[in-house]
Amino acid sequence: MMFGIGIVLFALAILVSVALHECGHMWVARATGMKVRRYFVGFGPTLWSTRRANRLGSTEYGIKAIPLGGFCDIAGMTSVDEIAPEDRPYAMYKQKVWKRVAVLFAGPAMNFVIGLVLIYGIAIVWGLPNLHQPTTAIVGETGCVAPQITLEEMGECTGPGPAALAGIQAGDEIVKVGDTEVKDFAGMAAAVRKLDGPTRIEFKRDGRVMDTVVDVTPTQRFTSADASAPSTVGAIGVSAVPVQPPAQYNPITAVPATFAFTGDLAVELGKSLAKIPTKIGALVEAIGGGERDKETPISVVGASIIGGETVDAGLWVAFWFFLAQLNFVLGAINLVPLLPFDGGHIAVATYEKIRNMIRSARGMVAAGPVNYLKLMPATYVVLAVVAGYMLLTVTADLVNPLSIFQ
């Protein structure tokens with residue numbers, strides 16, 4: 001029940017984010033003297049609309065049947081758009097370049113503002129996590145190897161454990177167990193569990209790669225939460241670096257913390273976005289039944305499923321944090337300098353400005369607006385790529401969705 005409610009809530013949150021994105025365009029367009037003819041949430045047949053007068057004429061507001069986005073129709077966005085004679089003085093393509101760029105940037109800027117507001121709220125209510133938690137197999141502590149009595153209870157042991165006796169210390173990063181290279185603590189533990197007896201282990205200390213022989217000790221462990229009895233597995237007596245709890249803030253200290261955290265988050269999101277083109281093969285493999293790579297991109301469908309999981313688990317902080325990340329990503333993607341994205345229109349306006357500055361320096365008159373009809377073939381290519389990628393991600397999210405618990 002809560003899972004379904006969570007899906008609906010997150011889908012609505014995405015729709016509100018898109019609607020506010022379009023509001024950003026509309027508000028700045030009006031403020032800079034451009035006429036907004038229509039503002040709609042959704043696509044397809046109109047369910048409801050109303051027209052309201054303003055100082056530049058009137059604007060039609062409405063809701064359409066397919067809640068997968070929205071649009072803000074500004075008169076004369078390009079020189080090839082149809083425009084009524086009375087709207088020509090307010091046409092967007094006739095305005096100064098800085099005004100056009102401001103209108104185009106206002107949409108993505110609204111997404112960034114939404115993300116910042118959400119991060120600020122999270123900082124005050126729940127605190128902000130450390131984005132640089134150790135992800136590799138770094139040793140937090142060494143100790144003796146105790147058997148596991150029950151799922152909640154460990155047995156007793158004394159003295160140093162196998163890892164400590166072999167010279168491994170807290171802070172060392174284990175990179176190889178026997179012939180198995182390990183990337184994280186879970187992978188290291190899984191490799192050790194399969195072993196028994198002296199094993200060569202490589203680790204990094206102060207940037208240097210070292211190795212030692214550790215006598216892997218057999219012990220009793222419950223290997224899964226639903227196991228009825230413990231199994232005999234190998235252990236070396238090391239534990240992971242504990243996860244740092246979220247840092248707490250008040251309404252004042254949360255302001256600089258929000259910007260600092262968002263800067264770190266932007267770097268991590270940028271790394272993820274840069275990997276998108278390399279994940280096509282992983283998406284195809286996931287659709288075919290392979291394991292879904294947790295770094296593969298998701299669609300609105302996948303995002304809503306994850307939103308549903310967070311609500312079902314009562315993880316409201318994860319719900320809002322995921323929505324904040326999504327808004328940052330939406331804003332960044334819309335600034336890609338390719339048509340039909342906002343960034344593509346900004347690139348065209350910037351090109352016109354630079355071109356006319358050069359012409360003016362040469363004593364020539366300013367040239368006319370860029371002919372968007374000549375740019376349509378390239379625009380269609382971008383649309384085809386985006387549509388294909390969306391189809392791929394939606395299919396993967398339906399047949400093999402990502403989960404926050406995997």
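Cβ coordinates come from backbone N, Cα and C, glycine included.
As the structure is a computational prediction, the values presented were derived from the model and not from experiment.
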Annotated transmembrane segment segment (source Swiss-Prot; candidates 235-257, 327-349): 327-349
Neighbourhood of Glu22 (active site), C-beta criterion under 8 angstroms, separation at least six: Tyr39, Val41, Gly70, Phe71, Cys72, Gly107
Among His21, His25, Asp206 [binding-site residues], residue with fewest other Cβ within 10 Å: Asp206
Counts by DSSP class (helix H/G/I, strand E/B, coil) across the domain 'PDZ' (125-209): 14 helix, 26 strand, 45 coil
Beyond the flanks of the transmembrane segment (375-395) by at least 6 residues, Cβ under 8 Å: 280, 283-284, 287, 296-302, 338-341, 344, 348
